[in-house]
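Report on one structure; see the data block that follows.
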Amino acid sequence: MSMPLKRRNKQSQGNEPKKIKVEEQEAEEKISEDIPVTDLKEPEALADIQSTSGGDEVSEGAQGDADPAEKSVGGLKEEVEDEEKGIVKFMFDGVEYKFRERPSVIEEKEGKIEFRVVNNDNTRENMMVLTGLKNIFQKQLPKMPKEYIARLVYDRSHLSMAVIRKPLTVVGGITYRPFEKGEFAEIVFCAISSTEQVRGYGAHLMNHLKDYVRATTNIKYFLTYADNYAIGYFKKQGFTKEITLDKSVWMGYIKDYEGGTLMQCFMLPRIRYLDAAKILLLQEAAIQRKIRTISRSHIVRPGLRQFEDLDNIEPIDPMSVPGLREAGWTPEMDELAQRPKRGPHYATMQNVLTELQNHAAAWPFLQPVNRDEVPDYYEFIKEPMDLSTMEIKLENNRYEKMEDFIYDARLIFNNCRAYNGENTSYFKYANRLEKFFNTKMKEIPEYSHLLD
């Protein structure tokens, strides 16, 4: 996360360690020493799976044999790994499925990296790892004050999971604070060294953290504030902007950043996230098996022989093509496929609407007016309109003419001015956005006359 720090809730500050500067200085000195490091063992439930139980379900925390053996359970044969290519293969119902492991997963299996959970317990090894994390966070999150990062990383109420390249090089990590009473944890910092960001460490680290937290605590949710650059990463890791956790549970406990986007992740109880790629393939295999029982789409039929002699091609009845009738095809479907999917004005409407949505004055008009917040609005405004409704209508091909599109846009501005007073900010926002809209339309010669 990289965002300017504006405010931090009092409830989350706690008592600051008085010796934080001393601890940081001592840890910096320890990094220069050549000290053998003892691994911090994770719970036994988090051991790497060598084989997965068959069927449509995958058991949590299952642990396979160290040496793969020939066996078949529920139609799933033992996986075979091509170590050179990093490709994992397994058989399900006689069909081979395979997926490519991330470089970070391969490196962990080869013993080149490890994932270690550390906190400020004043031990030499943990302080060295925490200092390595602090340095990465300070470099990768330049908008955060360095003293603030150091204070939280060394805070004894926080835990960190670090990615360590052996023997002892910290390449990234996540610092988080658990709130077990509320069954959630706050991800405070998350960063990978800039030289290591193409090897899948970020995703693999998050999967390790989810499995570790779920196996050792009663925590079910992650909350974090993400800046614009981090939103994409968190979305890929299962986070969403829709916060379902009750506000009374977390409000006042987590650090609040102005300009950040609050995101939430609910951890599924029956999923082992380190095996997510295999689980998804198993689900696909089970679905394909079910499809084959009710459909004939998997049958490969021979090609048409009429095209072998190109000099004597004759028209054929489509219904005589093997499998076409069984697939449910009709001549009407062919006619429907020939119709254009979008109207002639679609691209222009989409571009104009996108620019409207991104305009600085558009925020009051992005969504419909909340009936609970403004109860009398719909009594006064009989034909409400907003930019999200326009987007839905556009995607559903409900704007046959550009005049209809312009009508709805003007409806937004007129409704706002009709309901709000002339001296209100909403009235001024409507004028600004309307002026921008008119300017964009006048830039398109074939539509500029429609504004008159």
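The backbone N, Cα and C atoms fix where each Cβ goes, glycine too.
Per Swiss-Prot, the features are:
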COMPBIAS  1-10  compositional bias 'Basic residues'
REGION    1-78  region 'Disordered'
COMPBIAS  16-44  compositional bias 'Basic and acidic residues'
DOMAIN    113-268  domain 'N-acetyltransferase'
SITE      GLU186  site 'Important for catalytic activity'
ACT_SITE  GLU186  active site, proton donor/acceptor
BINDING   CYS190, ALA191, ILE192, GLN197, VAL198, ARG199, GLY200, TYR201, GLY202, ALA203, TYR229, ALA230, ILE231, GLY232  acetyl-CoA binding site
DOMAIN    340-444  domain 'Bromo'
_I need the least crowded one of these binding-site residues (CYS190, ILE192, VAL198, ILE231), counting other C-beta atoms within 10 angstroms of each C-beta._
VAL198
*Given the acetyl-CoA binding site residues CYS190, ALA191, ILE192, GLN197, VAL198, ARG199, GLY200, TYR201, GLY202, ALA203, TYR229, ALA230, ILE231, GLY232 in the record, what is the largest Cα to Cα distance, rounded to whole Å?*
19
*Just how many other Cβ atoms lie inside 10 Å of the Cβ on GLU186 (site 'Important for catalytic activity')?*
21
*May I ask you to report the DSSP-based helix, strand or coil state of GLY200 (acetyl-CoA binding site)?*
coil
*Specify the secondary structure state of TYR229 (acetyl-CoA binding site) as given by DSSP, simplified to three classes.*
coil
*For the domain 'Bromo' (340-444), what does DSSP give as the number of helix, strand and coil residues?*
64 helix, 0 strand, 41 coil
*Under a three-state reduction of DSSP output, how is GLU186 (site 'Important for catalytic activity') classified: helix, strand, or coil?*
strand
